[in-house]
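Asker: Got a structure for you, written out below as structure tokens; questions coming shortly.
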Amino acid sequence: MKLSRRSFMKANAVAAAAAAAGLSVPGVARAVVGQQEAIKWDKAPCRFCGTGCGVLVGTQQGRVVACQGDPDAPVNRGLNCIKGYFLPKIMYGKDRLTQPLLRMKNGKYDKEGEFTPITWDQAFDVMEEKFKTALKEKGPESIGMFGSGQWTIWEGYAASKLFKAGFRSNNIDPNARHCMASAVVGFMRTFGMDEPMGCYDDIEQADAFVLWGANMAEMHPILWSRITNSRLSNQNVTVAVLSTYQHRSFELADNGIIFTPQSDLVILNYIANYIIQNNAINQDFFSKHVNLRKGATDIGYGLRPTHPLEKAAKNPGSDASEPMSFEDYKAFVAEYTLEKTAEMTGVPKDQLEQLAQLYADPNKKVISYWTMGFNQHTRGVWANNLVYNLHLLTGKISQPGCGPFSLTGQPSACGTAREVGTFAHRLPADMVVTNEKHRDICEKKWNIPSGTIPAKIGLHAVAQDRALKDGKLNVYWTMCTNNMQAGPNINEERMPGWRDPRNFIIVSDPYPTVSALAADLILPTAMWVEKEGAYGNAERRTQFWRQQVQAPGEAKSDLWQLVQFSRRFKTEEVWPEELLAKKPELRGKTLYEVLYATPEVSKFPVSELAEDQLNDESRELGFYRQKGLFEEYACFGRGHGHDLAPFDDYHKARVLRWPVVNGKETQWRYSEGNDPYVKAGEGYKFYGKPDGKAVIFALPFEPAAEAPDEEYDLWLSTGRVLEHWHTGSMTRRVPELHRAFPEAVLFIHPLDAKARDLRRGDKVKVVSRRGEVISIVETRGRNRPPQGLVYMPFFDAAQLVNKLTLDATDPLSKETDFKKCAVKLEKV
């Protein structure tokens, strides 16, 4: 084939444009590209939210050049959201980090020095000295790690092993503490096992969708497209949306409900009362499969013990409960009448009744969806428990088309943070550090001395901030997260500890984020398909991908960093003599040898990889590291209701939902005929509980930790927007996404703006008791707050909204309430 230079250039342009848009490449263009190097396509899960969309990644000449929705992926069926289409560009920001950077002055580390390029050996030298000094002088409780629901499964597993087994410190927590911890505790309290019982297949079979504090139109747009299709193609399908402000999901709602912040607890109890008063209980299900318990109340707000609210609490942090009778439960919810609920919530009575009728109608299959509106809540665990009550009263659970479903916001908040157990209190497969039997199981599988894993729960995310500020936590490693921007109360509780000269802060990240720039040492990190990985999404799907390109410069994966750093420590440097005496054969070995190069982990040869398959980590070692770690980890859940398939199956299949038993995935847990752990004749079995029964909790309304008053007269709610993901550290480096939403704005009701002499586009100072930021007034647009509330996204590093937020948490889950604090506005 002969082409002129002009035709050649034109064909190249056509090929590039088609690839970027996920379109088929025209024949002439395909032929021209083929003369250079054909685009190679391989599957991967999307890098962003917890939906778990499948994408096809196109690589050419060592770079990711295109991305399209995977038509064979059952989650998204070939469709991407706007962020998914621009995945290639998140990897190639102009300020991508390519070498370690240490604060230095006069050739040495200095807390006040300038960031200076160093080698990896030099970086590990400094880290080794800081870790060993802290461990020797103050012990394991003086070191900590803050990880991520964006870690791959084996990265989270490796991190947990290093800290809990190697360093003997449970001071490791993921950023999922800020988003999913309330869901975890809610699941564990009600069902005894974590994660949803249903799946996305419910969407096409449901009669009604109820969104509790979830703007799925922007935060889970692919799932929302499926709900939209269901609603618009079936006039009998109903959508109800509850929120403290109006957002894009309201555009589809048949019943759009705006309620006073914190009063969702009242609505939930009202619906339970309605179900009982209208004889809508599924008596057969209820009598066989449910227990009733009354929970402790007045449990505080997770603030420092010296805070007046904590001093005033009668049962601070109490998770206690006691059995109660049905008559007592009936009397408890009877207080939440229609009249009282309307008064406390500000919701019209007819809307409340319409909502309650959805749950009470035995012929309607209902799905309840929620995300941060429930979870980022000082009574987030209670909110989770109370929505489960509605499904347990009516038996609308664990069957196609109906059930409660907690959506996740990160790609592996489920698969890594929760299932692997990277929380400060957890171990793999729902085990916990406080349980001696669970610790014993881990120690035996890891072949480490009995008593190695501490029984004491480590510091959770907010407690880590406080310990850094107080000088109790002195070496702190943050990976795959931007908590300096994303965490609460930056001014009072985070920045002081990070910049305290007693402390040494390490941040591993691909970009110079707010967190990285506040650190002492920055480690350049490989991202997404620059490494082999695995994520677990919101519906228990585990998804694998292969390394498809190499990371730029000296950037290394989080797994590489963890494993290489472990070589710097011998067992006698981190374990006391009494432990070594139990396993003297481990004396003199490095943590690398004990944790990551065991016969169990290293038994899979690198020859299992295709000759042309990239896998920098495994080829460096000579064994298939990811496979070894995964198979060791997977053995914790097999036979215990958390069964994962063999490693190789995930590379062959698009996705598999656990438990995977005899090669078959599970769509609906806990019900006969769907779940292999429920025997014939049992009907339902909530086997996370010893008696196989789920729990309905009686839990009351309790007020927020901070509410508007005469001086700080507005509620502030924070969150996200469609175009940006979390702190924007990836999406703001995509020019198209940045242009679409270049800076954060303050969404405000027009009358609230007018009362303060503010107009759309004006600069405004937003002030709380903890800090202030300058933003831009927005009285129109996608988010429409009611009078008395303002909404501000947190993606903008130039407008750190978390200078304003309060570090109050749910006392049970330790998850921060980012949705409710009090602010005032000042015109600039």
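Quick reminder: no glycine exception, Cβ is built from N, Cα and C everywhere.
Below are the features I grabbed from Swiss-Prot:
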- 1-31: signal peptide (SIGNAL)
- 39-95: domain '4Fe-4S Mo/W bis-MGD-type' (DOMAIN)
- Cys46, Cys49, Cys53, Cys81: [4Fe-4S] cluster binding site (BINDING)
- Lys83, Gln150, Asn175, Cys179, 212-219, 243-247, 262-264, Met372, Gln376, Asn482, 508-509, Lys531, Asp558, 718-727, Asn802, Lys819: Mo-bis(molybdopterin guanine dinucleotide) binding site (BINDING)
- Phe794: substrate binding site (BINDING)
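Describe the structural surroundings of these features, if you would.
Answerer: In this structure, Cys53 ([4Fe-4S] cluster binding site) belongs to neither helix nor strand by DSSP; it is coil.
Gln246 (Mo-bis(molybdopterin guanine dinucleotide) binding site) falls within a strand segment according to DSSP.
In the three-state DSSP assignment, the secondary structure recorded for Phe794 (substrate binding site) is coil.
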Asker: Enumerate the residues of the same chain, Cys46, Cys49, Cys53, Cys81 excluded, that satisfy the criterion Cβ within 8 A of the mean position of the Cβ atoms of the recorded [4Fe-4S] cluster site; list them in sequence order.
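Answerer: So the extra residues in range turn out to be Phe48, Thr51, Gly52, Asn76, Asn80, Lys83, Gly84, Pro221, Ile222.
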Asker: Near Lys531 (Mo-bis(molybdopterin guanine dinucleotide) binding site), which residues of its chain come within a Cβ-Cβ distance under 8 Å, counting only those 6 or more away in sequence?
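Answerer: Those within reach of Lys531 (Mo-bis(molybdopterin guanine dinucleotide) binding site), by Cβ under 8 Å and sequence separation of 6 or more, are Thr152, Gln547, Ala551, Ser557, Leu559, Asp616, Glu617.
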Asker: Filter the binding-site residues Gly213, Glu218, Gln246, Met372, His726, Phe794 down to the ones within 10 angstroms of Cys81 ([4Fe-4S] cluster binding site), Cα to Cα, kept in sequence order.
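Answerer: Of Gly213, Glu218, Gln246, Met372, His726, Phe794, within range: Glu218.
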Asker: Could you work out which of the binding-site residues (Cys46, Cys53, Val721) has its C-beta surrounded by the smallest number of other C-beta atoms within 10 A?
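Answerer: Each of the binding-site residues Cys46, Cys53, Val721 was scored; lowest Cβ tally within 10 Å is Val721.
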Asker: Work out how many Å separate Glu218 (Mo-bis(molybdopterin guanine dinucleotide) binding site) and Cys53 ([4Fe-4S] cluster binding site) at their Cα atoms, rounded off.
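Answerer: The Cα atom of Glu218 (Mo-bis(molybdopterin guanine dinucleotide) binding site) is 15 Å away from the Cα atom of Cys53 ([4Fe-4S] cluster binding site).
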Asker: Under DSSP, is Lys531 (Mo-bis(molybdopterin guanine dinucleotide) binding site) helix, strand or coil?
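Answerer: Coil, per DSSP.
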Asker: Based on Cα distances to Lys83 (Mo-bis(molybdopterin guanine dinucleotide) binding site), point out the closest of the binding-site residues Cys46, Cys53, Phe794.
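Answerer: Out of the listed candidates, the nearest Cα belongs to Cys46.
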Asker: With DSSP helix as H/G/I and strand as E/B, how many residues of the domain '4Fe-4S Mo/W bis-MGD-type' (39-95) fall in helix, strand and coil?
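Answerer: Tallied per class, the domain '4Fe-4S Mo/W bis-MGD-type' (39-95) gives 9 helix, 20 strand, 28 coil.
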Asker: Between Cys46 ([4Fe-4S] cluster binding site) and Phe794 (substrate binding site), how many Å separate their Cα atoms?
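Answerer: Rounded to the nearest whole number, the Cα-Cα distance is 22 Å.
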Asker: How big is the gap, in Å, between the Cα of Phe794 (substrate binding site) and that of Cys53 ([4Fe-4S] cluster binding site), rounded to a whole number?
Answerer: 24
